[in-house]
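These notes are about the structure you will find just below.
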Amino acid sequence: LSVPTILTRMGLSEGFWHHEYWLPPGATWEDMKDSADIRYPQPQDLLLCIPGALLLIIVRCIFERMVAQPLGRRLGVSDKLRPKVQPSATLEGFYILMGRTPKEGDLSSLAKKSDLPVKKVETWFRHRRAQDRPRLMKKFCEASWRFTFYFTSFFSGLALLYDKPWFWDHTVCWLRFPQQPLLPTLGWFYLLELSFYCSLVATLPFDVKRKDFKEQIIHHIATITLIFVSYCANLIRFGMIVMLVHDASDYILELAKMLHYMKWKRVCEAVFIVFAVVFIISRLVIFPLITYYYFVTKFRLFLISCLINTFLMILQLLHIFWSYLIIQMIFGVILHGVKRKDARSDTEESDRSEAEDLAKNK
């Protein structure tokens, strides 16, 4: 069966899968028919990302409970005591329904209704917000899981590609496109990456929410779209190179986060500087000037390639945005010793405020 026929049976429009949209001029789906010895990417393969994402979520839960938490405790990661709030139906109702930070007029009204001083109401809301903040152990477990995946993904991808001539010479990458047989290992790697990013989207509501939450959503959507369309159009070689370039710095960042939660300040700062160098070189030099340059200059344009161009540009804008934050962090915090405040922090109140409140309550 041809690709359009299979996808039509899956309930997808055959017109949507017209070869002129997905393949370069002169190529058709007939050029990518499987044979006894040769296999090409089939879009229906990507349906496996649904059970794959569910499996990764289960593995993550087991990993965090059985590996990350015991490791964190052994390395000295512990959750700080937080002030408890006195039960108040009035204040709790406002907190849930109206907002976490009441305005001055609301504070006065709530003080009258709850028969408390305005200062006590302000303190109640600060403590209540602190209760909803993610615990340090939760952040350590999340960073440990992502470190494990990104580390495994990068070095396994490097092991798969280091002996491929098209990995080192991008001009070879496009030879005989799209009639480039799919190696089973690359197909499974692609599926694993897609499953992982789908699992990240599924767990976003439950993960630590940072200040660049919207940018993270855009990044995940762009990544999932690029993986999907590049697989369907048999841009596997290009996609593998792009994923490897992006994975080069991710595991270093997660390691720096783990060290930060362990309070290994000097080691954390050293690792963060290494991350910054790798991130800037891979995302602002190698990706746009080498990898992306060859895609634009050596490739015949068609509809899907234009779509890929658009999403790659979105990713590049995010790279520039994050590079600005990284450089700001290095110069402001590490080199000049300014009070540490992560640009992606999820915290609202300082640890000092909580410590003072605890001291008062004792």
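Glycine is treated like the rest: Cβ placed from N, Cα and C.
The transmembrane segment annotation in TrEMBL covers 45-63 (among others).
The domain 'Homeobox' annotation in TrEMBL covers 91-135.
Annotated DNA-binding region per TrEMBL: 93-136, in sequence order.
Taken from TrEMBL, the feature domain 'TLC' applies to 138-335.
Per TrEMBL, the feature transmembrane segment maps to 143-162 (among others).
The feature transmembrane segment is assigned by TrEMBL to 182-206 (among others). Sequence-distant contacts of the transmembrane segment (182-206) (same chain, six or more residues past either end, CB-CB distance under 8 Å): 39-41, 45-46, 48-50, 52-57, 60, 149, 153, 156-157, 160, 216-217, 220-221, 223-224, 227-228, 231, 234, 236, 239-240, 243.
Taken from TrEMBL, the feature transmembrane segment covers 218-245 (among others).
Feature annotation from TrEMBL assigns transmembrane segment to 270-292 (among others).
Taken from TrEMBL, the feature transmembrane segment covers 299-315 (among others).
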Leading stretch by Cβ pairs under 8 Å, where the reference is the transmembrane segment (45-63) and the options are 143-162, 270-292, 299-315: 143-162
Long-range Cβ neighbours of the transmembrane segment (299-315) (under 8 Å; 6 or more residues past either end): 20-25, 174, 218-219, 222-223, 225-226, 229-230, 232-233, 235, 242, 292
